[in-house]
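Have a look at this one before I ask anything.
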Amino acid sequence: MVDNSKIRVVVGMSGGVDSSVSALLLKQQGFDVVGVFMKNWDDTDDSGVCTATEDYEDVKKVADEIGIPYYSINFEKDYWERVFEYFLDEYKKGRTPNPDVMCNKEIKFKSFLDFAMDLDADYIAMGHYAATRVDDNGVVHMMRPKDGNKDQTYFLSQLSQDQLKKVIFPLANLTKPQVREIAIASGLATAKKKDSTGICFIGERNFKKFLSEFLPAQSGKMVTPDGKVVGEHAGLMYYTIGQRSGLGLGSTKESTDPWFVVGKDLKKNELIVEQGYDSKLLYATSLDASGVSFFTGQPDHDVDLKCTAKFRYRQPDVGVTMHYRAKDNTVHVEFDEPARAVTPGQAIVFYNGEECLGGATIDRAYQNEKQLQLV
C-alpha cells in the first residue's frame with residue numbers, strides 16, 4: 001500500500017474555495033501538502049484595492065486551518081513575457097485570444113510546476129475541475145470531470161503529457177455545490193467567497209478601458225458586407241465575431257433585427273456588421289487551426305478522426321471531422337453542421353466521448369471552402 005505521507009503535493013492556492021478544498025482533501029488523504037500562492041499580475045482594481053493582498057490573506061487563513069505550510073511566489077515577469085505579450089499581439093492582429101489557455105500552459109503548469117519541483121514536489125494540484133486516467137502503458141489521458149457545468153478541460157487543452165503526469169485533480173469527482181458543502185462543513189475561511197470571473201488578470205475591471213491602457217485604439221468605419229457605412233467603431237480590438245452588444249446601431253427601414261459583428265478588415269480598419277442573428281456570414285463549415293497539442297503526444301503521421309469539439313468554453317460539443325497534418329502540426333476541421341461565430345485566436349478543443357484529446361488555436365474559418373473575412 002502506498003504511503004501518501006511520503007508523497008509531496010504542492011497546491012496552487014488562489015484564495016478561492018476550489019483550491020482551498022483541493023488542499024484540504026489532499027491533506028485528509030494523508031499527502032504531504034504545501035500551499036503556494038501565485039502572484040501573476042499587479043492587480044489593483046478600479047477602487048484602488050489590491051485583490052492579490054486580500055487573496056493571499058485568505059490563503060494564509062486556509063493553510064493555517066488545514067495545518068499546512070505556505071509560500072508566495074511572484075510570476076509577474078513570466079506572465080508578462082509569456083502570456084500578456086501574446087495576448088496583446090493577438091489583439092493587434094485583430095484576433096480574440098484566450099489568455100486562460102496560455103496561462104495554464106505557460107504559468108500554472110510550467111513556471112509553477114518548476115517552482116514546485118524545487119520544493120521537492122512529486123505532484124502539483126490546483127482547483128481545476130478536470131480528471132485523468134492512466135492506461136496500461138502508463139500514458140495519462142485527460143478526462144471530463146463529474147461536474148460538466150464547471151468542466152475546465154477546455155482551458156487545459158494545451159498541456160503536454162509530461163505536465164499531465166505531474167498533476168492531481170482532487171475535484172474530479174465532485175460538483176461545485178459539493179465543494180461548497182465541504183468547505184462550509186470544514187469551516188474554511190473561503191467557504192462562502194464568491195467565484196472570480198473574467199480574464200485571469202483583468203478580473204472584474206472594464207475590459208475596454210483596460211485594453212486601451214496597453215494598445216492605442218484606432219477608430220474606423222462600421223460597414224455592411226456590401227460596403228455601406230452604418231456607423232463608427234472604437235477600435236477593432238474591442239469587438240469579437242458574433243458580438244451584438246455595444247455596437248450602437250438601431251433598426252433600419254428594411255429590418256428591426258439587431259446588428260452583429262460578422263467580420264473585420266484589418267487593412268482597411270473596418271468592422272463588418274450585418275443585421276440578424278442568422279447572418280450567413282456568421283456560419284462556418286470548416287476551419288484551420290495551428291499549434292496543435294495532444295495530451296498523449298503528437299502523432300508522427302497524418303490522422304483523420306471523427307470526434308466532437310468545442311470552439312468556446314461551455315458550449316455543447318459539436319460533431320466534427322479532424323484532419324491532423326503532422327508536417328506542420330496543424331488541423332483542418334470540418335463541422336457536421338455549420339457552426340456559428342467561429343473566432344480566430346480562440347481555442348478549439350477535441351473530445352472522444354469522455355476523453356479530452358487536446359486542442360489548437362483557430363486561424364481561419366471557411367464557408368464551403370471560401371474563407372470568411374474574420375480578421
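Every residue, even glycine, has its Cβ placed from backbone N, Cα and C.
I grabbed these lines from Swiss-Prot:
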| type | residues | note |
| --- | --- | --- |
| ACT_SITE | C103 | active site, nucleophile |
| ACT_SITE | C200 | active site, cysteine persulfide intermediate |
| BINDING | G12, M13, S14, G15, G16, V17, D18, S19, M38, G127 | ATP binding site |
| DISULFID | C103-C200 | disulfide bond |
| SITE | H128 | site 'Interaction with tRNA' |
| SITE | Q346 | site 'Interaction with tRNA' |
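I'd like these features described in context: how deep, what's nearby, how far apart.
The secondary structure of C103 (active site, nucleophile), as reduced to three states from DSSP, is helical.
For the recorded site, D18 (ATP binding site), the DSSP three-state label reads helix.
There are 26 other CB atoms within 10 A of the CB of C103 (active site, nucleophile), with all protein chains counted.
According to DSSP, H128 (site 'Interaction with tRNA') is assigned to coil rather than to any helix or strand.
Of all Cβ atoms in the shown protein chains, 25 besides its own fall within 10 Å of the Cβ of Q346 (site 'Interaction with tRNA'). A coil conformation is recorded for Q346 (site 'Interaction with tRNA') in the three-state DSSP classification, outside any helix or strand.
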Given the recorded positions C103, H128, Q346, state which is nearest to G16 (ATP binding site) when distance is taken between Cα atoms.
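Result: the closest of the recorded positions to G16 (ATP binding site) is H128.
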Within the chain of D18 (ATP binding site), which residues six or more apart in sequence place their C-beta under 8 angstroms from its C-beta?
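Counting only residues 6 or more apart in sequence, the Cβ neighbours of D18 (ATP binding site) under 8 Å are M126, G127, H128, Y129, L171, K176, V179.
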In sequence order, which same-chain residues at least six apart have a C-beta under 8 angstroms from M38 (ATP binding site)?
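Counting only residues 6 or more apart in sequence, the Cβ neighbours of M38 (ATP binding site) under 8 Å are G12, S14, I73, F75, I107, K108, F112.
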Give the distance between the Cα atoms of Q346 (site 'Interaction with tRNA') and C103 (active site, nucleophile), rounded to the nearest whole Å.
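A Cα-Cα distance of 14 Å.
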Could you measure the widest C-alpha to C-alpha distance across G12, M13, S14, G15, G16, V17, D18, S19, M38, G127, the residues recorded as binding ATP, and give it to a whole number of angstrom?
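Greatest Cα separation within the listed binding residues comes to 15 Å.
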